[in-house]
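Noted in TrEMBL for the protein shown:
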- 17-321: domain 'tRNA synthetases class I catalytic' (DOMAIN)
- 30, 217, 242, 246: Zn(2+) binding site (BINDING)
- 32-42: motif ''HIGH' region' (MOTIF)
- 274-278: motif ''KMSKS' region' (MOTIF)
- 277: ATP binding site (BINDING)
- 367-418: domain 'Cysteinyl-tRNA synthetase class Ia DALR' (DOMAIN)
Ligand code: AMP
Ligand code: ZN
């Protein structure tokens, strides 16, 4: 099998991926700060992380994918106060919108989505450890991390020891690299800010306050993935200070290596500058849908560039991506249609000469080499188009089923909805039968449920019971 190589920001090299445990990969991705709708720059990063997770699964690993939800930070508090809401009611619609967006983009659900406000205890425990080992100190009701005490501070982002501003402190969650200062772990209680009690050693009474942003990710990642895990990802703007500080907090508290591979995705640009709400030029997925674009057209556009290259977003390039995707969907529909005609009429079909099946084997190999080479999605898409072109030149040479299943196989990584595009929708009658069966099953009437299942199977459908309920699959 082709080996998987990933660019590791810790070493600034492409490395062969070797997981810490044999088959399970621990993967943490920094999730959304739910203070507004995600813009498509944020979504580009989530697509890159989804491709990474799918690639790991394609390579045969089981992935424990954790993505946090930052539901308390400076930006959220500012937004909540401006609208007169508490942080929960303020952020709830944005959280909901985030889940809708990722579903529309065919981003596979993570294993866990921990929320910061539900992990204050874990954060306080981590801060306590840092206080005990003298890597952190208290000042004016807050707790700070002393960057001069952590030997490897700056390694990830390339910040030099001499650039550190010893003794200076920074309270903001986000700041520039030239402020290599002691950063805040626990922020002293302020009026008009949510706060929690935390018991740190030596305090007669709890220290009321709220966590800094960076400690959130250290606490939540280690809670679900252990002190050491395989991959941590985010957008490249998180390299400093966020990921740098996460390493300092986690390794400082555990004395173990926090993460083996750091992967950082490049930005989506608008007018040559990083797309950001603060820059004023940004689109949400809803904006694109209102303009008539399919969300998957954006996914296709994101896949057309390497995740470590900047991508300048224009509506023209999105349109071109949408056209390519429509063409690909059309091709898959055509193949699927002709496959059904073959099977219905029992027409002889090409079994695919040895020449053609060798070609398909080569394509599979080319696809894997591209995707396993640090997720080269644009090259992987090029392989898809090679297949389309070869088939169109001499359709009679190919076995339609073999071509289709190869494309479906690639779509496990690409996530462009190739299977869904040919799926027949269940009729009302079939949906009603499925509901009836579910009712019977829940009531423990398994004989009735099985009987209905047989009926459903007889009319060409299959029921798959999933954790989120029964799924109907067209046989
Ligand atoms: P936030 O909700 O601001 O915490 O950001 C969520 C994710 O989006 C993080 O991984 C950021 O690094 C990433 N991100 C922010 N802006 C962009 C952009 N213009 N292009 C790509 N990713 C971005
Ligand atoms: Zn994070």
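Note: Cβ is positioned from N, Cα and C throughout, glycine not excepted.
Recorded features from TrEMBL, shown on the structure.
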residue: 30; record: Zn(2+) binding site; CB count, 10 Å: 22
residue: 217; record: Zn(2+) binding site; CB count, 10 Å: 28
residue: 242; record: Zn(2+) binding site; CB count, 10 Å: 21
residue: 246; record: Zn(2+) binding site; CB count, 10 Å: 28
residue: 277; record: ATP binding site; CB count, 10 Å: 16
Cα distance (Å, whole number) from the residue listed as 'ATP binding site' to residue 30 (Zn(2+) binding site): 18
Annotated binding-site residues 30, 217, 277, filtered by Cβ under 6 Å to ligand 2: 30, 217
Distance from residue 277 (ATP binding site) back to residue 242 (Zn(2+) binding site), taken between C-alpha atoms, in Å: 19
Candidates near ligand 1 among the binding-site residues 30, 217, 246, 277, judged by a Cβ under 6 angstroms: 30
Check: same-chain CB within 8 A of Zn(2+) site center, minus 30, 217, 242, 246: 213, 214, 216, 218, 221, 232, 234, 238, 243, 245
Rounded inter-Cα distance in Å - residue 277 (ATP binding site), residue 217 (Zn(2+) binding site): 22
Collapsed DSSP category at residue 246 (Zn(2+) binding site): helix
Counts by DSSP class (helix H/G/I, strand E/B, coil) across the motif ''HIGH' region' (32-42): 3 helix, 2 strand, 6 coil
Per-region confidence, the motif ''HIGH' region' (32-42) (mean pLDDT, whole number): 96
Reduced DSSP assignment, residue 217 (Zn(2+) binding site): helix
